Structure formats: structure tokens, C-alpha cells
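Please read the structure below before turning to the comments.
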Amino acid sequence: MVPEGAPGPIVVIGDVMVDRYITGSVSRISPEAPVPVLVHGDERIVPGGAANVAANAAALGARVTLVGLVGRDREADLLNAALAAHPGIVLDLLVRDPGRPTITKTRVMSGRQQIVRIDAETVAPPGPQMLEALIGAVAEAVRGARVVVLSDYAKGVLSDNVIAAAIAAAQAAGVPVVVDPKRRTFEAYRGASLVTPNRSELAAATGLPDTTDAEAARAAEAASAQFGGDVLVTRAEKGMTLWRRGGRVLHVPAKAREVFDVSGAGDTALAALAVALSAGQPLEACVHLANAAAAVAVGKLGTAVVTRAELLAALEEAGTPGIPPGALLETDEAARVFAEWRAAGARVVFTNGCFDLMHPGHVALLEAAAREGDRLVVALNTDASVKRLKGEGRPVQDEAARARVMGALRCVDLVVLFDEDTPLRLIETLKPDVLVKGADYREDQVVGADVVKAYGGRVALVPLVAGRSTSALVAKAKG
Ligand SMILES: Nc1ncnc2c1ncn2[C@@H]1O[C@H](COP(=O)(O)OP(=O)(O)O)[C@@H](O)[C@H]1O
Ligand SMILES: O=P(O)(O)OC[C@@H](O)[C@H]1O[C@@H](OP(=O)(O)O)[C@@H](O)[C@@H](O)[C@@H]1O
């Protein structure tokens, strides 16, 4: 699940902020008014809002271009200096607007206790000149990006025009757009691949509850209908729920070991997700990574970045395997991955066969199998097992070759081998939720059907594509 490929360039467009922390200690009440007296200790500036997303993505190894609006003021200089501490962030396309202050959130802290927050901000949309500059910056930034992130805090940067420009440029470049929304409806995000509301943003957009996993999935589906893409709901202590077009759902429980400060956890999650996407990871794997990164972020005080080293350490500690999609695994390793998937609420589908010369009939069966749940595992007969079943001369391709081809299919999550005549032992060990075979079998003929049903799983028979078979291909090749 840790990105295998290198992260690609990312663009973050949105409401850039300065988070200022004034810390000290309080030991008395003022004689002038019933307020605490803070003895000033320290002051620090950290990137906030969209700048926090950019800082987190850079800390995870991506090159990030940040697009947004700052003022022509001291805070903008302080923000630039704070961002310069994160190598890999390009700041040339931050637009300076003399007509507005740099959004600054000042927290006054006594130790870990926040006493007051003081906001300096203008939320009005930018004037025509600044809007033009922003749209120009968006067009330039999106060129060459692998993922575009819109980080909306409803402060005015992500106006309809800017959103439309970003999505159009991303679509033209064929790159995904991920949106952290603040709008009351997601219609303006049409064309985005993924929108990541938190609980209140989801409730505001849909009016639906998300207390249970099932409710969260239903609300996410309703949100998806507003713009046509996938939805990832970040559900604070309940973790995350991913709803994908076509109805596949993934629930990932929160992993945090200690929670100090949840502010900015959504920014970290968004950044981790974008970095994993830019490295070519499947969306489900990106969500696991985002959830793990958020768990580290909530253990830190204040707005914070999570580094690649911290994320790797957290994943290792949690025993999360770095399994690439479609990997060929030993049974015990597969069982460990199954347990992880289950813990994350995924329904695991199992199917088996020789899959000697892969043809469109196989692909249709596997795609149909994948639609029966959230993860698909394919058990392949070993060479010895195929030979026993089909006779001398088979398989045409050895097990390593068959596993390699099988694992390369987008719908296949894992491949395992079995040496017996049937996969019964494997089914008993792995306990899949759904057992799939082609509809040339009757349910009572499917090996393992009774085992799966006995523990509450189910059997699905999927239609076959007529006229396709490996044996026919072999016969044809022989002339
Ligand atoms: N109280 C918490 N306990 C454990 N994990 C949390 C908690 N709050 C947030 N998280 C983690 O951070 C992610 C993002 O937080 P959330 O509050 O949902 O979004 P946002 O920061 O955008 O409001 C959650 O999906 C979860 O993984
Ligand atoms: O929306 P408002 O409150 O005006 O401004 C945003 C702040 O509440 C903070 O929101 C946090 O994100 P999360 O909201 O925790 O994801 C972070 O982005 C902080 O950097 C930021 O200061």
C-alpha cells in the first residue's frame, strides 16, 4: 500500500492560510477583567488550509505547485518562509492581492489548551483582475500535473470560474481532480473524480445522516449523484467511507492511537491520498494510506505535517503489508491481507480456475466476480494440478506466467496458488465472503459452496461469454 512508484507532480489550488500559534502559560486571572493572563512564551507560523495540504504532500515526497491568493503583507512573507522549509513546493503561482489580507488564524495557547482563536480574513470573491490572474495560474499549474487537488474553505478562491477552469484543464490533460469541498451542494464539482467531505460537509450537502456505515454509504451515494464522481467521507473517529460509482463501498476504521488535535487531519488525509494517486496506486489503497496518515496527524498538536518516514513507521507498526495490487502470495500471507481487508470492512470475493490462455470470457467472468464485492482474489491451479485435471500438454503457460497475467488485470487484487484438485482447503482457510463461479456450474456443484454458506457467506454464479475457451484456443493453435 505504500506507493511503489515515485509520486508525480501535484497541484493544490485553494484557500491558503497562515496558522499562527502564540503559546505561553497562564497562572492568574487579570485584575482588570475576568480573563486569563498569558505570559508570552513562543510564537510560530505554520502553513494552514490549502497551504497545509501542500506542505503535507511535499513532506510525503511530491513536488507541489500551490495556487491561491495571499495579500501583500507581512503574513504572506511569513507564509512563504514557512513553506520554504518544505522542499518541493513551487510558490511562483501564488497570486498576491493588495486588496485583501493573507488569511491568518491566530491561536493563543496555554500549553496544549487553546484559549482563543483570532481570525483575520476576507471571504469575498476576488475582483476581475485577480480572478484573471488566478485562472491563468490554474491553467499553467495544471499543465504537467499528475493530480489536481482543490482545497476549498469557502474563502473565495474556488469560485465557479476557478473550479471550472481547473476541472477543464485537468480533463484536457487526463488527470484526476480531488476536491475537499465546502459548498452546500457538489454540483460545481461535476467532472471531478473524487470529493472528500467530512461529516458536516456531507450532511450540509445531502441532509442525510452518516451515523452507521450503511447510512454513510447512502449519503455518499446521494452526494455522488450531485457531481457524478466517487465520494470519500472522512468521518472523524469513525474513519472513512469510500463510495465508488457502480456501488462498491469501502469502510476503513480510524487507526489513531492517541488524539491530541484533530485540526488539519482532513488536509493530511487529502495530501496522502493525492500523493498515492499520483504514484499510480488504486483508489482503495490510497484511502488506506490517507487514513493511516490522518491517524498520525491527530496525534500531533496544532496544524502539522506527516512525513513519509512517519507514515511508513505507522504502517509498519500497524502491520500493514506493502502488497502491490495483483501480487501472488503464499496462503498464510494472503490470510493476513484478508484479515486486514476485513478489518477495513471490505467484502472479499474468491474465484478459482486454471486460466491457462487468458481470453475475453475469462476477463468478463473476473470483472463480474469483482463486482460481487470489494476485493477479488483469484486462486490458480498449480501446474501439477492443471496437468492432473486436463492431461499431458497442459497447462500451456506455467503457473508463474499465469499468475503474472492474472495479477495484471485491474479487477484482480490478489493471486494465490493451490496444488490440490479443488480449492476447498484454501476456501476453508481464507473464508471469503463471496464465492464466484461461472454459470456453467449449478450451486450444488460448486466446491466449497456449503462451507462458505455455513459461515454466512454466499455463492454467486456469473454468466459466461459463449464460444470462448482455452481448450478451443489450444485446438485452433494445433491447426
Ligand atoms: N477523533 C478522531 N479519532 C481518530 N481519528 C480521527 C479523529 N478525528 C479525525 N480522525 C482521522 O482524520 C480523518 C479526517 O478527519 P475529519 O475530522 O473527518 O476531517 P476534517 O479534518 O476535514 O474535518 C478521519 O477520517 C480519521 O481518519
Ligand atoms: O474554516 P475556518 O475555520 O475558517 O478555517 C480553517 C481552520 O479552521 C483550520 O482548518 C484546518 O483544517 P480542518 O478544518 O481541521 O480540516 C486546517 O486547514 C488549518 O490549517 C486551518 O487553520
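Just so it is clear, glycine is given a Cβ too, placed from its N, Cα and C backbone atoms.
All annotation found in TrEMBL is predicted automatically rather than curated by experts.
Database features (TrEMBL):
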REGION    1-327  region 'Ribokinase'
DOMAIN    10-304  domain 'Carbohydrate kinase PfkB'
BINDING   Asn198, Arg199, Ser200, Glu201  ATP binding site
ACT_SITE  Asp267  active site
DOMAIN    350-445  domain 'Cytidyltransferase-like'
REGION    350-479  region 'Cytidylyltransferase'
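Mean predicted confidence for the region 'Ribokinase' (1-327): the pLDDT average there is 93.
Same-chain neighbours of the ATP site beyond Asn198, Arg199, Ser200, Glu201, judged by a C-beta within 8 angstroms of the site's C-beta center, are, in sequence order, Pro197, Leu202, Ala203, Ala204, Val233, Thr234. If you measure from the Cα atom of Arg199 (ATP binding site) to that of the residue listed as 'active site', you get 14 Å. In this structure the alpha carbons, written CA, of Ser200 (ATP binding site) and the residue listed as 'active site' are 15 Å apart. Mapped onto DSSP classes, the region 'Cytidylyltransferase' (350-479) shows 52 helix, 26 strand, 52 coil. All protein chains considered, the CB of Glu201 (ATP binding site) has 22 other CB atoms within 10 Å. Taking a Cβ cut-off of under 6 Å from any atom of ligand 1, the recorded positions Asn198, Ser200, Glu201, Asp267 reduce to Asn198. The separation of Asn198 (ATP binding site) from Asp267 (active site), Cα to Cα, is 11 Å.
If you take the C-beta of Asn198 (ATP binding site) and look for same-chain residues 6 or more apart in sequence within under 8 angstroms, you find Val233, Thr234, Arg235, Ala236, Gly266.
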